[in-house]
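Trainee: Take a look at this one; I'll ask things after.
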Amino acid sequence: MPPQNIHVIVRIRPLNAQEKKSKKIKRAIKVVRTGVDDRDLDLSPNRVPGAGGLVQVELPNDVRLPTVNSTKKSNGKIDKTYKQYHPAVAFPPSSTQQEVFHSSNLPSLINHSMNGYRTTFFAYGQTGAGKTFTVLGEDKKPGLLFRAVNYLFKSTKLKSENEKMKFTIRLSAIELYNEQCFDLLTTGHARMKPLQVREHNKQGYYVDRLTGIRCINVNQCIHTIKGAVRQRTVGGHQMNARSSRSHLMITLYVDGTYLASTGASTFGRITIVDLAGSERLKDTRSGNVKESGFINKSLYTLGKVINGIAKNGGTLLPGTTRRHNQNIPFRESVLTKLLVQSLGGENMCAMCACVSPGNHVTGETVRTLGFAMMVKGIMNHPSIHIDEQEKLVTDLKKEIEKLKRENIQLKHMVIEVSQEASLASTKSGAQNHLGLVSEIDHLVGGTGTKVLQNGGDGDDDGEEYFQFDDDFEEEEEENNISYDDEYDEEEGEEEKINFPTISSRYNEPSPSPSPPISPISSAPSSPHSPSLFPTAPSPMKSNIDTSQRVVQLKAMLTEAKMQFQSDGNEIHPHILQLENELEDLQKELQLSAQLAGLGVSLEDSGEDPDGKQQRALEAMIAATMSTAAGDGDGDGDIDGDGESDGESDEEEKYSEQQYYSEGSGSIPSSPITPNPNNNSNVSNTSGRSNPFNWDESQGEGENWRNMWENSLRILADVDEGDAAAKLKQLELLERGGVNLFGDSKKKTTTKKTKTKKKNRRK
Ligand SMILES: Nc1ncnc2c1ncn2[C@@H]1O[C@H](COP(=O)(O)OP(=O)(O)OP(=O)(O)O)[C@@H](O)[C@H]1O
């Protein structure tokens with residue numbers, strides 16, 4: 001809140017009966033302009049009434065003041081001399097209590113006290129000028145204090161409803177008598193015991209051990225105040241039958257707590273002061289000189305403080321008043337100690353200068369009004385009072401809640417990042433894909449699962465993982481050796497050794513056995529004739545299930561591989577190998593599906609007593625596999641060892657017997673780049689062309705179809721009726737739009753294929 005001047009109003013009491021009777025006493029003061037307008041009837045919270053009052057005091061002829069106005073007689077001589085004053089509002093003698101309350105800024109002060117400001121309203125003036133009447137009033141004319149109490153309770157009720165606040169109002173009442181502070185809310189011995197006025201480094205001066213009574217409602221509060229006022233020291237003298245012999249200070253502590261939002265508490269106050277009146281002993285003829293002396297002393301000190309503050313530029317200097325305001329004698333009186341924050345300090349303040357109307361006290365009236373104008377020039381710096389510790393606690397609670405929320409979010413982020421890091425890291429990534437690798441290994445008949453079980457200890461550390469890699473390489477070699485050993489034992493049965501690894505998968509129980517999709521032939525396998533595709537309850541279903549799983553695994557593997565790569569990790573050779581093996585497996589499954597779809601099953605081998613049909617199929621499959629896994633350079637050197645991979649004695653034997661002309665001896669190494677040696681049509685026993693003669697001018701699928709047609713024609717030569725039927729079936733399927741020979745992709749040489757070739761060579 002910006003600095004603001006002390007709000008000064010002037011009230012002129014009416015002439016009392018005695019004064020009216022006196023022929024010597026005349027009205028010497030009048031209100032030229034009240035400063036009250038229609039807006040002053042509006043008690044809006046922050047309305048500060050007073051458009052600027054004007055009071056004019058007629059001075060006695062013997063009084064000469066610096067700035068006066070005068071009227072002159074017709075002869076040019078001065079008739080009357082006036083002194084004018086400009087309070088915020090001037091109240092003539094006819095003003096009612098209610099008008100004064102409404103047009104004072106007391107409602108505004110009360111509103112500010114509910115917001116946490118400390119405010120002071122004090123009545124100042126000569127004894128008998130109407131201070132007590134203005135503050136306390138009479139039974140039927142309650143003064144501003146009781147109106148303020150009424151207004152405070154109504155306002156807190158309204159504010160608590162509108163702003164979800166809870167207010168607590170407490171009351172204290174003291175009198176400063178003979179420079180001592182007495183608690184008016186106590187009785188007996190306590191009432192007579194003066195209280196200490198102490199100084200707090202932040203709160204300023206305060207009355208120690210002062211009683212505070214909580215006020216529940218207006219009536220209780222007013223009743224309490226009246227009880228306190230009854231204990232005030234009063235005495236009669238010449239100028240006032242019930243003259244206040246002490247300064248009365250009634251304070252209403254307005255503690256507000258915001259129930260919603262911040263929960264902060266405000267600690268406002270409204271202190272209403274009825275000062276004892278300045279008096280001249282010769283006028284009052286008071287018998288208690290000491291009492292009058294203290295009154296005058298405190299008022300005199302108040303005057304000096306006001307004067308000192310005015311010299312200070314109208315305000316207290318910042319910082320501690322003790323050190324920085326040495327020229328302001330506020331410590332010389334208890335009154336000024338307790339009022340100092342209202343006079344140029346942090347409190348909001350208003351003053352009502354009460355004056356008597358008669359010309360017999362013009363001197364005191366001029367002095368009061370002069371004092372009022374000096375007070376009017378004092379600038380206060382109102383500051384709101386919120387419990388700093390409580391506000392700090394509230395702010396910290398909010399901060400803690402905010403941090404808790406952030407912490408939860410961060411924890412989630414950490415978990416996510418950890419999971420990503422775990423997946424991306426070579427160690428954890430591999431272990432996350434352990435199941436995947438294991439399944440692929442198992443599917444392709446490899447040993448990955450076993451290796452993982454042997455090499456991985458389940459600990460989540462990279463060292464174990466790399467240990468696992470080393471183990472795997474060793475195991476892989478052992479398995480290769482194992483294959484070789486197995487092959488050696490079954491010498492000459494190359495395909496029989498290699499293919500069972502594949503066909504064994506068909507022995508796995510199908511999760512949901514179902515009839516073959518299009519079984520053309522499902523004859524039981526012959527125990528006397530080794531089959532490439534041993535009997536399975538539902539080979540087609542198993543085949544399809546496996547194919548789907550292979551596709552899924554391949555996608556998962558590709559994803560894992562991309563994850564590794566995107567995170568900058570080196571792709572482990574095992575992953576690459578598994579990827580190649582999956583592709584091999586896909587090709588093999590495709591072939592088996594095509595065979596099954598065509599009804600070309602080795603279950604028919606029972607009708608092939610000499611084994612020609614079977615050997616023809618096996619040779620075709622082997623050729624197809626070799627083609628699919630070709631090295632791509634057309635030289636037949638699939639494993640890159642510089643030798644033609646078609647030089648196996650067994651393969652040459654098959655070629656010579658079944659398909660190829662003498663001396664060719666080579667299986668087409670690549671469907672894309674045909675072996676020039678095999679590019680010409682090669683006669684077989686039926687005089688048909690080489691079935692593996694790949695024609696680049698045709699599509700890949702067309703080449704495959706031709707190859708199969710040729711194969712079936714060869715078979716038809718062996719068993720014309722059955723093979724011819726199968727060929728017709730093929731044609732029907734093709735004609736029906738069934739694409740049995742989708743595009744095949746060029747393959748890279750795989751380690752497993754190389755192993756097969758090595759085995760073949762052996
Ligand atoms: N505005 C007023 N209207 C009617 N009567 C008033 C008014 N002001 C004061 N009086 C009467 O004048 C008398 C003196 O008033 P009051 O006691 O309030 O003076 P005071 O300034 O408090 O004097 P003191 O300093 O001695 O206590 C009282 O009888 C009071 O009723």
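Quick reminder: no glycine exception, Cβ is built from N, Cα and C everywhere.
In case it helps, TrEMBL gives these features for our protein:
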| type | residues | note |
| --- | --- | --- |
| DOMAIN | 5-378 | domain 'Kinesin motor' |
| BINDING | Gly125, Gln126, Thr127, Gly128, Ala129, Gly130, Lys131, Thr132 | ATP binding site |
| COILED | 386-420 | coiled coil |
| COMPBIAS | 471-494 | compositional bias 'Acidic residues' |
| REGION | 471-543 | region 'Disordered' |
| COMPBIAS | 519-531 | compositional bias 'Low complexity' |
| REGION | 600-703 | region 'Disordered' |
| COMPBIAS | 632-653 | compositional bias 'Acidic residues' |
| COMPBIAS | 656-690 | compositional bias 'Low complexity' |
| REGION | 734-762 | region 'Disordered' |
| COMPBIAS | 747-762 | compositional bias 'Basic residues' |
Trainee: Let's check the environment of Ala129 (ATP binding site): how many other CB atoms sit within 10 Å of its CB?
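Mentor: Counting Cβ neighbours of Ala129 (ATP binding site) within 10 Å gives 27.
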Trainee: Non-local Cβ contacts of Thr132 (ATP binding site) (under 8 Å, 6 or more apart, same chain)?
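Mentor: In sequence order, the residues whose Cβ lies under 8 Å from that of Thr132 (ATP binding site) (at least 6 apart) are Ala123, Gly143, Arg242, Ser244, Asp274.
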Trainee: Residues near the ATP site, Gly125, Gln126, Thr127, Gly128, Ala129, Gly130, Lys131, Thr132 excluded, by Cβ within 8 Å of the Cβ center?
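Mentor: So the extra residues in range turn out to be Arg13, Ala123, Phe133, Asn240, Gly277, Cys354, Ser356.
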Trainee: Within 10 Å of the Cβ of Gln126 (ATP binding site), how many other Cβ atoms can be counted across all chains shown?
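Mentor: Result for Gln126 (ATP binding site): 24 neighbouring Cβ atoms inside 10 Å.
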